[in-house]
Amino acid sequence: MRALFSSPAADTAGQQEALAVPLARLRFAAPLAALLGVMHTLAFAPNRWWWLQILSLAGLAALVRQAPRLRDVAWVGYAFGLGWFLSGIWWLYISMHVYGDMPAWMAAAAVLLFSAYLALHPALAAWLWQRLARGRQLSGAASALVFGAAWLVSEWLRGTEWTGFPWLNGGYAHTDGPLAGYAPLVGVYGVVAIAATLAGLLCAAAERRLHWLAGLAGVAVLAAGWPLHTIAWTQPVGKPITVRLLQGNVPQDVKFQQTGIDHSLALYTKMVTEQPAQLVVTPETAFPILLQDMPQEIALAIRTYVDTTGSSVLFGAANADSAVDYTNSAFGVGPWFKGVYRYDKHHLVPFGEFIPFGFHWFVHMMNMPLGDFRRGLPVQPPMPVAGQRVAPNICYEDLFGEEIAASLRQAERPATMLANVTNLAWFGDTIALDQHLQISRMRALESGRPMLRATNTGATAVVRPDGSVQARLPVFTLGTLQADVQGMQGLTPFVRTGNAPALGAGVLVLLAALARRRRAGAA
């Protein structure tokens with residue numbers, strides 16, 4: 001493996017010259033690391049190759065260990081990140097160029113720059129691991145633990161800094177694997193820490209640095225996920241309710257034009273009132289107008305439907321509390337409460353729902369209905385429906401499992417089911433739709449609750465509390481998904497504690513490695 005970083009002549013010149021290999025000698029290692037990053041992306045939906053996530057990280061660990069200098073270590077991690085994110089979030093180009101009318105070169109440059117920023121995090125993880133573990137005679141198992149902790153901290157930083165972008169967190173690749181059993185215990189960050197540690201063990205085993213007991217422990221941790229997955233951390237409450245999830249398949253390029261607005265208003269009014277159900281859910285901004293501008297005949301049709309059938313309706317629309325105070329909201333009407341239920345989106349999308357300081361010029365390059373919205377409260381009451389309590393979240397809010405967990409544990413009466421309303425038409429018929437469904441499946445696993453997904457173009461689905469998909473509609477089709485859904489009560493260990501145990505354990509491992517390094521240096 002060292003040949004990837006140095007020439008044969010450098011090897012014969014001895015260890016000292018090998019450490020002085022210039023950055024140009026990474027010409028083989030960096031592309032290989034980028035290829036491993038692409039392999040990492042392939043582990044995610046629509047594939048179910050959870051094992052590839054571990055293998056690709058093990059390959060990265062092997063490359064990193066052979067890098068002669070710490071700066072080379074960081075470059076290898078960075079190349080891995082570029083391959084990972086360019087292959088995993090390329091669909092952002094579609095929203096900016098196809099629907100935002102941004103010049104192709106500028107949209108491509110924006111995706112490249114964003115991926116370059118995200119790639120700093122695996123570079124940090126690789127550098128931190130080797131900074132603490134290199135040359136300290138750590139056992140293979142101890143080194144693997146430090147790798148897992150470094151990867152955990154870097155992923156947590158990516159998911160929190162600058163409002164966070166935790167898309168493609170490695171833990172999501174394991175919704176169909178044995179490590180899914182750990183999600184109700186430690187959440188997605190705990191899962192990715194376990195996966196990275198297993199990758200470190202695999203790397204150590206390949207290099208014959210792993211004691212057989214440590215290898216056996218790794219196999220046991222992996223295998224234990226299956227029986228953990230069978231544990232019911234939450235319990236059924238009340239009777240199942242009949243839900244209808246609407247998928248209007250309204251083209252994004254006309255959705256906010258007058259013809260598209262008229263089409264959406266007529267379409268969703270018809271779909272909502274077609275037949276009774278205890279709960280009907282529309283996608284995000286299904287009614288692409290302000291609630292205050294809702295035509296009276298549509299409001300009357302929905303109210304009449306609710307009053308005559310006993311159904312409840314949760315629908316998406318924007319709201320204006322004043323001329324400068326807008327929210328992206330979900331509204332509910334039903335027989336189980338007075339007035340209109342309202343949920344305001346709390347975690348807003350940068351550039352889509354708020355514009356970071358200094359970036360108005362960038363937004364002006366796109367022909368999109370973007371602006372600054374006000375964020376909702378972090379904890380909002382669920383919507384009561386036929387003995388159940390439904391907690392909405394809007395668009396990519398379901399990427400933030402800690403926020404959903406906090407809303408459940410801090411609520412007076414926690415929700416018994418979750419509902420994600422979204423519009424991913426911005427990203428075309430791409431892997432983004434399957435990736436987002438996989439994220440919702442992880443939220444169901446973490447919370448022990450069903451997740452209802454009503455989307456404009458897909459993937460509209462019902463997810464069981466164990467993360468499996470109960471039913472779904474084909475993407476980019478017009479349709480209604482009807483299912484009976486059982487609400488769940490009780491709090492999983494992850495909901496009770498959030499990310500604190502996993503993150504705390506990772507920080508402790510890094511501090512222990514740092515203390516050992518300082519003691520060794522003092523000696």
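Quick reminder: no glycine exception, Cβ is built from N, Cα and C everywhere.
Tertiary proximity for the transmembrane segment (26-46) is limited to same-chain residues at least six positions away from its ends with a CB under 8 Å from its CB atoms, namely 4-5, 52-53, 55-57, 59-60, 63, 66-67, 72, 75-77, 79-85, 87-88, 122, 168, 170, 172-173, 175, 431, 434-435, 437-438. Swiss-Prot lists 26-46 (among others) with the feature transmembrane segment, giving sequence analysis as the kind of evidence.
Sequence annotations record features per position, and here Swiss-Prot assigns transmembrane segment to 49-66 (among others).
Per Swiss-Prot, transmembrane segment is recorded for 74-94 (among others), and the stated evidence type is sequence analysis. Within the same chain, residues 23, 26, 29-31, 33-38, 40-42, 44, 60, 63-64, 67, 107-108, 110-112, 114-116, 118-127, 167-168, 426-428, 430-432, 435 sit at least 6 positions outside the transmembrane segment (74-94) and bring their C-beta atoms closer than 8 Å to a C-beta of that stretch.
Outside the transmembrane segment (109-129) by six or more residues, the chain places 37, 60-61, 64, 70, 73-82, 84-86, 89-90, 92-93, 96, 102, 143, 146-147, 150-151, 153-155, 157-158, 165, 362, 510 with a CB less than 8 A from a CB of the stretch. Under the heading transmembrane segment, Swiss-Prot lists 109-129 (among others), citing sequence analysis as support.
The transmembrane segment annotation in Swiss-Prot covers 137-157 (among others). With a cut-off of 8 Å between Cβ atoms, the residues of this chain six or more beyond the transmembrane segment (137-157) that come close are 57, 61, 121-122, 124-126, 128-129, 166, 169-170, 189-190, 192-201, 203-205, 207, 209-211, 214, 217-218, 499, 502-503, 505-507, 509-510, 513, 516.
Among the features that Swiss-Prot reports, transmembrane segment is placed at 185-205 (among others).
Look at Swiss-Prot and you will find 212-232 (among others) tagged as transmembrane segment, backed by sequence analysis.
Taken from Swiss-Prot, the feature domain 'CN hydrolase' covers 246-487, and the record attributes it to sequence analysis.
The annotation active site, proton acceptor is assigned in Swiss-Prot to Glu284. Sequence-distant neighbours of Glu284 (active site, proton acceptor): residues of the same chain at least 6 apart with a C-beta under 8 Å from its C-beta are Gly316, Asn328, Ala330, Ile394, Cys395, Val421, Thr422, Asn423, Thr455, Asn456.
Residues or ranges marked as active site in Swiss-Prot (evidence: sequence analysis): Lys345. All protein chains included, Lys345 (active site) registers 26 other Cβ atoms within 10 Å of its own Cβ.
Residues or ranges marked as active site, nucleophile by Swiss-Prot on the basis of sequence analysis: Cys395. The local packing around Cys395 (active site, nucleophile), expressed as other Cβ atoms within 10 Å of its Cβ over all shown chains, amounts to 25.
Marked as transmembrane segment by Swiss-Prot on the basis of sequence analysis: 494-514 (among others).
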Note = Mean per-residue pLDDT in the domain 'CN hydrolase' (246-487) works out to 92
Query = Taking 185-205, 212-232, 494-514 as candidates, which has the most Cβ pairs under 8 Å with the transmembrane segment (49-66)?
reply = 185-205
Query = What else in the chain is close to the transmembrane segment (185-205), if you only count residues 6 or more beyond its ends and a Cβ gap under 8 Å?
reply = 53-58, 60-62, 65, 140-141, 143-152, 155-156, 159, 166, 169-174, 179, 214-215, 218, 221-222, 228, 401-402, 405, 442, 446, 492-494, 498-499, 501-503, 505-506
